[in-house]
């Protein structure tokens with residue numbers, strides 16, 4: 001099936017156009033070391049053979065303790081603002097960001113979940129169906145890093161095993177420097193490996209690494225979506241081409257008599 005999808009609404013902004021595969025933050029804890037899109041994905045994009053990928057919203061869930069800066073991170077990327085007046089998220093909120101990846105329209109639905117214990121039962125209902133789970137912590141507070149284990153466990157419980165990309169993100173990078181930053185990142189990289197997650201350090205205040213991080217998230221999710229769609233197309237072709245007859249609604253059922261070959265000889 002060839003795709004003739006066009007973006008819904010106005011063209012995406014230039015900083016949402018991804019032509020090449022975004023690089024990882026550190027090779028010591030990354031989900032994909034390749035520097036290019038998967039060959040099948042590149043070929044499908046060139047042929048515009050990406051099925052319905054351009055019409056779907058891929059769900060991204062951001063979890064973590066109160067005050068780690070989840071909302072600030074999302075607002076810096078989606079609105080390019082940094083609000084110094086903190087307001088806790090009540091329940092859940094979300095933003096939709098549109099991209100153009102390898103010439104194909106693609107959208108992320110980014111869910112901002114509350115960090116307060118009293119909202120956990122509400123937020124957990126929105127973990128389901130996530131393609132990406134971002135576990136955020138404060139680089140200046142080691143306790144928030146330790147808590148990411150539980151946040152990730154809660155989010156994974158609502159999704160099928162192996163179905164989600166996992167990112168561990170250290171926020172407030174602008175508040176650390178030198179040896180303190182190196183130690184905090186080393187601890188985080190160690191945990192990211194345990195989680196089978198990709199690690200990033202960012203600053204919502206300065207914007208450092210924020211765009212690069214979300215571009216990486218979008219590219220990995222897009223690549224997976226295209227590969228899954230190609231697999232579905234392949235499975236559909238196999239089912240149609242396996243030699244079985246397709247019974248049309250209203251047509252008479254086939255009998256053993258009708259299956260016999262007709263004799264066309266003279267009597």
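Our numbering is plain: 1 for the first residue shown, then up by one each step along the chain.
Using N, Cα and C of the backbone, Cβ positions are placed for all residues, glycine too.
Small disclaimer: the values here were computed from a predicted structure and weren't measured.
The feature GTP binding site is assigned by Swiss-Prot to 68, 69, 70, 71, 72, 83, 86, 89, 115, 172, 174, 203, 204, 205, with similarity to another entry given as support. Residues or ranges marked as Mg(2+) binding site in Swiss-Prot: 71, 89, 112. Annotation source Swiss-Prot lists motif 'Switch 1' at 76-94, citing similarity to another entry. Sequence annotations record features per position, and here Swiss-Prot assigns motif 'Switch 2' to 113-132 based on similarity to another entry. What Swiss-Prot lists as region 'Disordered' is 243-267. Here Swiss-Prot flags 266, 267 as S-geranylgeranyl cysteine, drawing on sequence analysis.
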Item to complete: Quick one: among the binding-site residues 112, 174, which has the most Cβ atoms sitting within 10 Å of its own Cβ?
Response: 112
Fill in: binding-site residues compared (68, 204) - the one with the fewest other Cβ atoms within 10 Å
204
Worksheet item: Cα-Cα separation of residue 72 (GTP binding site) and residue 112 (Mg(2+) binding site), in Å?
Response: 10
